[in-house]
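Novice: First the structure, which I've put down as structure tokens, then a few questions once you've had a look.
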Amino acid sequence: MHPDLGPLWKLLYVLVILCSSVSSDLATYFISEPLSAVQKLGRPVVLHCSAKPVTARISWLHNGKRLDRNTEQIKIHRGTLTILSLNPSLSGCYQCVANNSVGAVVSGPATVSADALADFDSSTMHVITAEKKNTGFIGCRVPESNPKAEVRYKIRGKWLMYSTGNYIILPSGNLQILNVSSKDKGSYKCAAYNPVTSELKVEPAGRKLLVSRPSSDGFHILHPALSQALAVLPHSPVTLECVVSGVPASQVYWLKDGQDCLSGSNWRRLYSHLATASIDPADSGNYSCVVGNNSSGDVKHVTYTVNVLEHASISKGLHDQKVSLGATVRFTCEVHGNPAPNRTWFHNAQPIRPSSRHLTEGSVLKITGVIMEDSGLYQCMADNGIGFMQSTGRLQIEQDSGQRPVIVTAPANVEVTDGDFVTLSCNATGEPVPVIHWYGRHGLITSHPSQVLRSKSRKSHLFRPGDLDPEPVYLIMSQAGSSSLSIQAVTREHAGKYTCEAVNKHGSTQSEAFLTVVPFETNTKAEPVTPSEASQNDERDPRDGSESGLLNLFPVKVHSGGVELPAEKNASVPDAPNILSPPQTHMPDTYTLVWRTGRDGGMPINAYFVKYRKLDDGSGAVGSWHTVRVPGSESELHLTELEPSSLYEVLMVARSAVGEGQPAMLTFRTSKEKMASSKNTQASFPPVGIPKRPVTSEASNSNFGVVLTDSSRHSGVPEAPDRPTISMASETSVYVTWIPRANGGSPITAFKVEYKRMKSSDWLVAAEDIPPSKLSVEVRSLEPGSIYKFRVIVINHYGESFRSSASRPYQVAGFPNRFSNRPITGPHIAYTEAVSDTQIMLKWTYIPSSNNNTPIQGFYIYYRPTDSDNDSDYKRDVVEGSKQWHTIGHLQPETSYDIKMQCFNEGGESEFSNVMICETKVKRVPGASEYPMKELSTPPSSSGNGGNVGPATSPARSSDMLYLIVGCVLGVMVLILLVFIALCLWKSRQQSAIQKYDPPGYLYQGSEINGQMVEYTTLSGTARINGSVHGGFLSKGSLSNGCSHLHHKGPNGVNGILNGTINGGLYSAHTSSLTRTCVEFEHPHHLVNGGAVYTAVPQMDPLECINCRNCRNNNRCFTKTNSPLPVVPVVASYPQDGLEMKPLGVMKFPVCPVSTVPDGGQIPEECLKDSVAPAPTQRTCRQDNTSDINSDSTEDTAEFNRGDSSGHSEAEDKVFSWSPLILSPVLEDCSEKTAWSPPGPPLDGLSVVLQQAQET
């Protein structure tokens, strides 16, 4: 039977309660704190933190701000913080906070950073010479790396990982070669290896080592060339390097502060170097490497200044204290370190800021008038950059009866006119009765009891010479639980926030009120001082024995005579001038500042002071101020020597005898610099007095983010500020920064920021009532993955300004929902192009549906030289998920690269894409022309989501346009060539048809005379020429139509080769018309021996040859429309090789150029006479003008006899074919017909036959 365990369980329960109550009363302390980490982007990071007692709750801080458990990409579970995917926004300082009912403590900072390995400096290959059997030195400038890179060397294609043999890799990364030999010559390349990312980068150029014969040049210190200063951590290994050539290592000596440093120390010799395994702070000092012989005086040395750093430490820390309410507490924290550490105080894990009750004096924190809220845990943290230390102390406060203050009547917001009197009241209750304090924008407001109210005059404070910024005068009247703050003669400087704080030993409470000061619109006279006010003015505190206190509080303008002028007594400082100049100038280096005078305050304006400086709206940097003094009578100032396309800020104030007024502010932008060859004309200025209200649409605004307001409108409303710039504050918040412009003559009272989410048409207020001193505001609670635009509004007493131009779209990092699935399919690289000798541009496509529409966060672009076979040589660029193209920079000229991609999100990376190979361009020669490349831009995704990436819509490149132009030109040329070929073919076919149906002449097959043939052909024009033919077919004139027939006569010895010259026939330039005469060659012996005449005959016009159809020579006429008569080429259409022209006997063939003949067919008798005189009564064959050609024939004959060289050269190369033909001349008007002998008579009897024919 089991015993009853009821009482035992009750006892155990009571013990647990007691233990928990005891543990809850224990102060919290850390068992383990987070450690710094270096990790690759996109990889997870885990931080651990644990504290005692076990009831302590753990929370985390990032860069001093508390992390929410629902923060994207961060997972918090008890004392473990996990960064799921490291990105730049998550890098920084992390601290854990442990708290319980006693208080809270904060851990030391742990830095989380992304790995980094910079590139080697691009340099040319250096040639190094080392002497044989001596020491060689290869220098290496190791690039920056996080963490520190490991140095390796590639020697003649082989890797050297560690010091081996005669190769020593020094801690500085340099390489020392001992006992150099011929086999050591070759190429040496230094490499840096990042142990976190396993990334290896090799020096691009390297060194080339040449080995020479030993020489007697003496000894040299190769490294270091100059004295060095080292700062090292304590207890770390240190090597002081000294590479010497020309002497053995035994002749190298090391001295510390002039004494031998090897005896009795931890230092040892390592070849010619000095090394220690653990250095101590006592080892700090000057170390010298001495080489040479002191006796001979030939000594060389180099010095190291070693500074051993010390971690921060606390020699005297905090201890627990227990005090009563209202007491004063002091915590002491003495720190040491090298360099001197910074000391930071914390109360319950919150930094302590100095106040009236919390004061820091050296190593002491002093708290006066402690209250219950001051109880808890206090920490002193010392940090000097190489280490931190902390000490914790607990403050307990004894409780007694009482009540914390409660404000029952809070001060109200007040709006008053400039110069009026205002009073703010505040009442509070508590036990004990609380004390009430007032705070303004300058801190705690104090008031001496002697201060009294002044008259309610509407004027500003008058300044004495030398008083630049007098403190505003206030009057505080307080009693138990009640207080009032009075301000007389309110000015614009008094506007702002006022805080009422009620404090007793149990705590404090606060209430706020805003004071708004509006300008006084009308001129008023000085109000008289009433007797009561005068009596108040004469009141003095007995403790104040002089009037100096009042004079300091109410300074006045003191003149040389010592009497204040009445006009000055009622005058005030002038108002801000109204700037009329536009915010943009058409000139690149000058600007005309034009203004209008504001109210002068009752005194004339003596001068204007204009200050201007350049602003860099891209980086926020500003230039130095330039100040110009302008006489008060002027209203215009020309600013010169400005920079083109730059933004400038102008501040302008008016000064009178009373003082300087409120400043007017303006920002303007200069225009672009115009090139000398530009043909663009400058836009004309608009006519004065005809204002044009610009369109303030976001789409059409192109004024560099400036909204141009109407220059003729001077209602006092400020101008719209410049386009705001957006920068990331955290994952879900941004900083909106802007630059204000002219204030419209009235001070700016507030700013307002609006935002709009893309795909939404509503503008919402992000922040309002922003003080005018702030030009930046943080907008929180933005939705991850969304795209926003922002704009700014300026407010003064006259109202709101125009809205500024909307900012450029800003996409918040992350996604609305978490996606744990990583993408599988990567992007596809569609195009690569080398845009310069160091840049390659690539485009890609990504189809979300290939990964089930899983959104992606961005792309990884990997690239390495093609000749590399090591995956660690790949470099990586990270690109946003909305991009569709990227330009890889910092590449080597004329080098081929392998390029591949991945897409990634929070779940991981996708598979690799296709690999593209692209080679950079040849390095441009200095001085060669270089054409700017058009900027490629990809419009943001319309969805605002990095995963929904559509096809690229970037504009066409200039190279594509060049290809298009060349293709069009070639196409037009090919088209013209095809048309030309078609025309040639058509022309050829036309000529073939013409030659087929309209031959140049028809040959009649006559009788053979002793085996010889006589050729006849028609002729358009002939002349009486001794042995030559004149008026050939190649003359410039048009050949006359007709039926004229020419009978050729050939002398003995004429063969088939034309050895003579045809003058005036084939190539004659004469133009002639032939007469209708009977022409006969009666002097055949004048022809050149061995020559022959051949003349082409044009066709006859159909109208002239109607009657030729009855001619008995069977010649035919064909119709030819509107074209010159064809000519027969010199060479016959059908040449026959070996054809010989037989000589004929002397014959006379009378020719009668007629169209018709009688039926009898007989030739008239006059046509057969030896005389060649034409018959005047003869009927002609055509109605042409007749002309005597005897003179022409004479000239041509003479020309022929001279032997024209040109005609001769043409004819010599021609072989003429003579077709056998005998033409029977038919004469229209001849009554007789010549009887021809039948073929068959011998050649010798030819003359007899012809003679008989003549006799008949």
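Positions of Cβ are set from backbone N, Cα and C atoms, glycine also.
Values in this document were obtained by computation on a predicted structure and should not be read as measured data.
According to Swiss-Prot, the feature topological domain 'Extracellular' maps to 25-963, an assignment based on sequence analysis. The annotation domain 'Ig-like C2-type 1' is assigned in Swiss-Prot to 28-113. As annotated by Swiss-Prot, disulfide bond applies to Cys49-Cys96, Cys140-Cys190, Cys242-Cys289, Cys333-Cys380, Cys426-Cys500, with the evidence given as sequence analysis. As annotated by Swiss-Prot, N-linked glycosylation site applies to Asn99, Asn179, Asn286, Asn293, Asn294, Asn342, Asn427, Asn570, Asn870. If you look up Swiss-Prot, you'll see 522-550, 671-696, 929-952, 1174-1212, 1231-1256 marked as region 'Disordered'. Annotation source Swiss-Prot lists compositional bias 'Basic and acidic residues' at 537-546, 1199-1212. Annotation comment: Swiss-Prot describes 985-1256 as topological domain 'Cytoplasmic', evidence class sequence analysis.
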Novice: So for Cys426 (disulfide bond), how many other CB atoms are inside 10 Å of its CB?
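Specialist: Cys426 (disulfide bond): 27 neighbouring Cβ atoms within 10 Å.
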Novice: To see if you understand the setup: which same-chain residues, six or more apart in sequence, place their Cβ under 8 Å from that of Cys242 (disulfide bond)?
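Specialist: Expected: Ile221, His223, Pro224, Val252, Trp254, Ser272, His273, Leu274, Cys289, Val291, Val302.
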Novice: From the recorded positions Asn179, Asn286, Cys333, Asn427, pick the residue whose C-alpha lies nearest to the C-alpha of Cys190 (disulfide bond).
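Specialist: Spatially nearest to Cys190 (disulfide bond) by Cα position is Asn179.
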Novice: Looking only at C-alpha atoms, tell me how far Asn870 (N-linked glycosylation site) is from Cys140 (disulfide bond), rounded to the nearest Å.
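Specialist: About 21 Å separate the Cα atoms of these two residues.
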Novice: Could you give the number of helix, strand and coil residues in the domain 'Ig-like C2-type 1' (28-113) as assigned by DSSP?
Specialist: 3 helix, 45 strand, 38 coil
Novice: May I ask for the distance between Asn427 (N-linked glycosylation site) and Cys500 (disulfide bond), taken between their Cα atoms and rounded to an integer number of Å?
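Specialist: Computed Cα spacing between Asn427 (N-linked glycosylation site) and Cys500 (disulfide bond) is 9 Å.
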Novice: Specify the count of other C-beta atoms within 10 Å of the C-beta of Cys140 (disulfide bond).
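Specialist: I get 23 for this one.
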Novice: Mind checking which of Asn99, Asn342, Asn427 has the fewest other CB atoms within 10 A of its CB? They're the glycosylation sites.
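Specialist: Least crowded of the glycosylation sites Asn99, Asn342, Asn427, by Cβ count within 10 Å, is Asn342.
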Novice: Tell me, what is the mean pLDDT of the domain 'Ig-like C2-type 1' (28-113)?
Specialist: 91
Novice: Return the count of C-beta atoms lying within 10 angstroms of the C-beta of Cys190 (disulfide bond), excluding that atom itself.
Specialist: 24
Novice: So what sits near Asn286 (N-linked glycosylation site) in its own chain, CB-to-CB under 8 Å and at least six residues off in sequence?
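Specialist: Looking at Cβ-Cβ distances below 8 Å from Asn286 (N-linked glycosylation site), excluding near sequence neighbours, one finds Lys256, Asp257, Thr303, Tyr304, Thr305, Val306.
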Novice: Work out how many Å separate Asn99 (N-linked glycosylation site) and Asn179 (N-linked glycosylation site) at their Cα atoms, rounded off.
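Specialist: Their Cα atoms are separated by 65 Å.
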Novice: Between the Cα atoms of Cys426 (disulfide bond) and Asn342 (N-linked glycosylation site), find the distance and write it as a whole number of Å.
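Specialist: Counting only the Cα atoms, the answer is 40 Å.
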Novice: For the disulfide-bonded residues Cys49, Cys96, work out the Cβ neighbour count at 10 Å and name the residue with the minimum.
Specialist: Cys49
Novice: Relative to the Cα of Cys96 (disulfide bond), which of the recorded positions Asn179, Cys333, Asn342 has the closest Cα?
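Specialist: Comparing Cα positions, the candidate nearest Cys96 (disulfide bond) turns out to be Asn342.
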Novice: Just jot down the residues in the same chain as Asn179 (N-linked glycosylation site), at least 6 apart in sequence, with C-beta under 8 A of its C-beta; none if empty.
Specialist: Lys133, Asn134, Thr135, Asn166
Novice: How many Å lie between the Cα of Asn342 (N-linked glycosylation site) and the Cα of Cys140 (disulfide bond)?
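Specialist: Cys140 (disulfide bond) has its Cα 36 Å from the Cα of Asn342 (N-linked glycosylation site).
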Novice: From the disulfide-bonded residues Cys49, Cys333, Cys380, Cys500, pick the residue whose C-alpha lies nearest to the C-alpha of Cys140 (disulfide bond).
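Specialist: With Cα distances computed to Cys140 (disulfide bond), the winner among Cys49, Cys333, Cys380, Cys500 is Cys49.
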Novice: On a C-alpha basis, identify the one among Cys333, Cys380, Cys500 that is nearest to Cys49 (disulfide bond); the candidates are the disulfide-bonded residues.
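Specialist: The smallest Cα gap between Cys49 (disulfide bond) and any of the disulfide-bonded residues is with Cys380.
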Novice: Let's check the environment of Cys500 (disulfide bond): how many other CB atoms sit within 10 Å of its CB?
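Specialist: By my count, 25.
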Novice: Taking only the Cα atoms, work out how far Cys380 (disulfide bond) lies from Cys500 (disulfide bond), in Å, as a whole number.
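Specialist: Cys380 (disulfide bond) and Cys500 (disulfide bond) have their Cα atoms 31 Å apart.
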